[in-house]
Amino acid sequence: MMNMSGSSSTYHPFAPAPAPPSNLGLYRVLSPHAGIRVSPICLGAMNLGDKWDMMMSFVLKEQSFKVLDEFYNNGGNFIDTACNYQDEESEKILGEWMELRGNRDQMVIATKYMTNSKPGDPSIKQKINYVGNNIKNMNISVENSLKKLRTSYCISIFFMDGLHNLVVAGKVLYLGISDTPAWVVSQCNQYADDHGKTPFVVYQGKWSVLDRSFERDIIPMARLNDMALAPWGVIGGGRIRTDKEEQKREQEGRNRQSVGGEDWKRTEDEKKTCRALEKVAKEVGVTNSRSVAIAYVMQKTPYVFPIIGCSNVEGLKQNLEGLKISLSPKQIQFIENEGPKFDVGFPHSLTCDGSQTSWMVHMAGQTQCVALPTAIRPNRI
């Protein structure tokens with residue numbers, strides 16, 4: 001093939017894409033009901049900005065841009081934020097970065113509303129309708145988020161009729177819901193199915209090896225509704241660390257509470273879990289136990305896209321190591337055995353999850369079951 005200058009060209013319209021720069025560029029379909037393709041890890045933007053510096057780590061704009069650039073250059077395209085994060089600074093920084101880089105249409109942005117987005121704005125005296133799931137706050141929040149993000153649409157907004165109208169208007173592509181009981185989500189999606197509305201396709205909630213209550217009802221609900229899972233708190237809000245890291249943190253006076261107000265120090269059970277993660281990290285050849293915690297949730301069930309925040313480029317690189325780790329069933333069992341005791345509770349302990357037969361059936365005969373869907377295993381690139 002010759003170009004206009006007479007020299008040969010290697011361009012071909014049907015050539016396969018080049019190898020991705022990292023496993024972050026091995027994209028996955030978000031969920032069975034959402035065909036959009038996203039990076040396997042979602043970058044959490046909660047700490048972009050410094051308005052919440054009294055209760056959590058923060059990242060100023062210049063450093064935020066470095067983290068965002070590193071995420072993007074490694075193939076990342078999936079970012080989570082919310083209308084109120086850092087008193088609106090998070091969305092503003094993200095919007096400015098996308099505009100300057102000219103990559104808005106390449107990015108998949110998930111934002112949320114419900115919490116008061118104007119707590120620090122003295123010009124707004126009556127803030128009561130800047131909070132809640134009512135239609136007024138939904139419309140105000142979406143319009144403000146789109147302005148701050150400097151875009152005309154976003155991927156998801158975290159009720160059914162009003163949300164459906166946003167999808168029809170093209171302002172939102174898919175719907176997600178966060179931190180809500182499984183029975184409420186199921187009822188919402190049933191209403192959507194019954195009335196021809198847009199259902200929720202992704203659920204966001206707290207899940208880590210330190211707190212597995214997410215597995216009791218949320219994962220079975222997501223499996224039944226063909227929903228993706230975007231867990232936050234995967235590295236325990238910074239609680240997954242070594243004993244040396246904890247000592248250093250105490251010596252440096254970095255002992256502020258988390259957003260939820262929990263004590264920053266780990267319990268004895270949490271320390272035991274962290275040591276188990278460290279042991280597995282050595283077995284799989286990584287130095288950072290937090291990357292093992294990331295791999296753990298990603299390999300428990302399909303369609304898991306953990307939301308991981310970080311304050312610097314080095315932290316991001318360490319977290320991305322989780323995409324290279326393949327945990328054996330034995331290693332997963334070891335981590336769980338060493339972690340806080342988890343009881344599925346009644347009635348799950350009686351009915352099972354479908355992957356095995358209840359003991360009551362076995363009283364009548366032996367059976368075989370179809371295995372539950374499994375997660376994607378890491379590729380070597």
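Any Cβ shown, glycine's included, is placed from N, Cα and C.
What TrEMBL annotates here:
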- 40-336: domain 'NADP-dependent oxidoreductase' (DOMAIN)
- 241-255: compositional bias 'Basic and acidic residues' (COMPBIAS)
- 241-267: region 'Disordered' (REGION)
Q) In this predicted model, what is the average pLDDT of the domain 'NADP-dependent oxidoreductase' (40-336)? A) 92
(Q) DSSP-wise, what's the residue breakdown of the compositional bias 'Basic and acidic residues' (241-255) into helix, strand and coil? (A) 9 helix, 0 strand, 6 coil
